[in-house]
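*Asks:* Dropping the structure in here first, questions after.
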Amino acid sequence: MEYHNKQIISMLKVLFMMILMIMSTQTHAQLSSDFYAESCPSLFPAVRGVMQRAVAKERRMAASLLRLFFHDCFINGCDGSILLDDTSSFRGEKTAGPNNNSVRGFEVIDKIKSRVEKLCPGVVSCADIVAISARDSVLLLGGPRWSVKLGRRDSKKAGFSAANSGVIPSPFSTLKNLINRFKAQGLSVRDMVALSGAHTIGQANCLTFRNRIYNESNIDLSFALSRRKNCPATSGSGDNKKAPLDIGSPTRFDHSYYNQLLDKKGLLTSDQVLFNGGSTDSLVGKYSRSLNTFYRDFVRAMIKMGDIKPLTGSHGQIRRNCRRPN
């Protein structure tokens, strides 16, 4: 009898795992690049038009919108929750530690949403707009093109506590911490190193690299001295002064970032740990030598990141205003 019971329990466990796998497959299967082909055929041109104007006005905005997607997906999945303002019932993610005075581009998302709502009211989610904007950000700065999987719905609440829990790696992260944070999201070491290449565009505040340029030894001296000119050693002085993450081509999406790491010119601690005698050195070398290899792995990782816990079907909602639930 005892053996029979164990068999039943074992079979139930297997059945349960199979159900979970099927549910997961169905969730991701509901995301597709042609999700809005009939319901909003002009979606992509509408998003691209607003993006082109925004990036022409400020090249840095492309990096900001790419980062917005990353920060959205790492907090409870790619559900547009990062766009929500505070309400009487919850606190938004915008003022959480990793996002406060850092994540930006919300006005551009608002403009895209307004444009799309006029064309296809109540159809396209804010979460999907963030995903398309991230792809267009890369494309507009000379990077690769890919088909964005769509069909996400919007969260009705934000995850302030989750955003503050350390799930988003800090600019001071060790290699182990980076690997673990990405692994927790179902992303591999290769995904992590490829996605870090997004730092080929954008800027960082002095506060995030001060310790590196004054105290770390695995840094090119001339590079450190040049960064110190605009980032005082005293904490609280010039904290928000900015420097490009990639000094070689700060507004072009290429693989210059990885060559910079080979020369010990990574701006952030979390950049240089990718090439510092550790397990990811070989990947950095590969990407530095081959732009196509970097592009291929970056695209795969972006698509994979976009699959993190999407709300689909009857879950969530299609927000009319990206800043608040309906």
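Placement of Cβ uses the backbone N, Cα and C atoms for every residue, glycine included.
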*Asks:* Pick from Cys126, Cys206, Cys231: which cysteine does TrEMBL list as forming a disulfide with Cys322?
*Replies:* Cys126
*Asks:* For Cys40, what is the disulfide-bonded cysteine listed in TrEMBL, choosing from Cys73, Cys78, Cys120?
*Replies:* Cys120
*Asks:* What is the disulfide partner of Cys231 among Cys78, Cys206, as given in TrEMBL?
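*Replies:* Matching partner in the record: Cys206.
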*Asks:* Hey, of the disulfide-bonded residues listed (Cys126, Cys322), which one tops the CB count within 10 A?
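*Replies:* The largest 10 Å Cβ neighbour count belongs to Cys126.
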*Asks:* Using the alpha carbons only, what distance in Å do you get between Cys73 (disulfide bond) and Cys206 (disulfide bond) once rounded?
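*Replies:* Cys73 (disulfide bond) and Cys206 (disulfide bond) have their Cα atoms 26 Å apart.
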*Asks:* Want to know which recorded positions, from Cys126, Thr200, Asp246, are within 10 Å of Ser81 (Ca(2+) 1 binding site) at Cα; which are they?
*Replies:* Cys126
*Asks:* Among the recorded positions Asp79, Cys120, His199, Cys322, whose Cα is within 10 A of the Cα of Asp246 (Ca(2+) 2 binding site)?
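*Replies:* Checking Cα-Cα distances against Asp246 (Ca(2+) 2 binding site), the recorded positions within 10 Å turn out to be His199.
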*Asks:* Would you list, in sequence order, the residues of this chain other than Asp72, Gly77, Asp79, Ser81, Glu93 that have their CB within 8 A of the centroid of the site's CB atoms, where the site is the one recorded for Ca(2+) 1?
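*Replies:* Neighbours within 8 Å of the Cβ centroid, excluding Asp72, Gly77, Asp79, Ser81, Glu93: Cys73, Ile75, Asn76, Cys78, Gly80, Ile82, Ala127, Ser155, Ala158, Gly159.
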*Asks:* Applying the rule Cβ within 8 Å of the centroid of the Cβ atoms of Thr200, Asp246, Asp254, what extra residues of the same chain belong around the Ca(2+) 2 site?
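*Replies:* Here the non-site neighbours turn out to be Gly197, His199, Ile201, Gly248, Ser249, Pro250, Arg252, Phe253, His255, Ser256, Tyr257.
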*Asks:* Nearest to Asp72 (Ca(2+) 1 binding site) by Cα distance: which of the recorded positions Cys120, Cys126, Pro169, Thr200, Cys206 is it?
*Replies:* Cys126
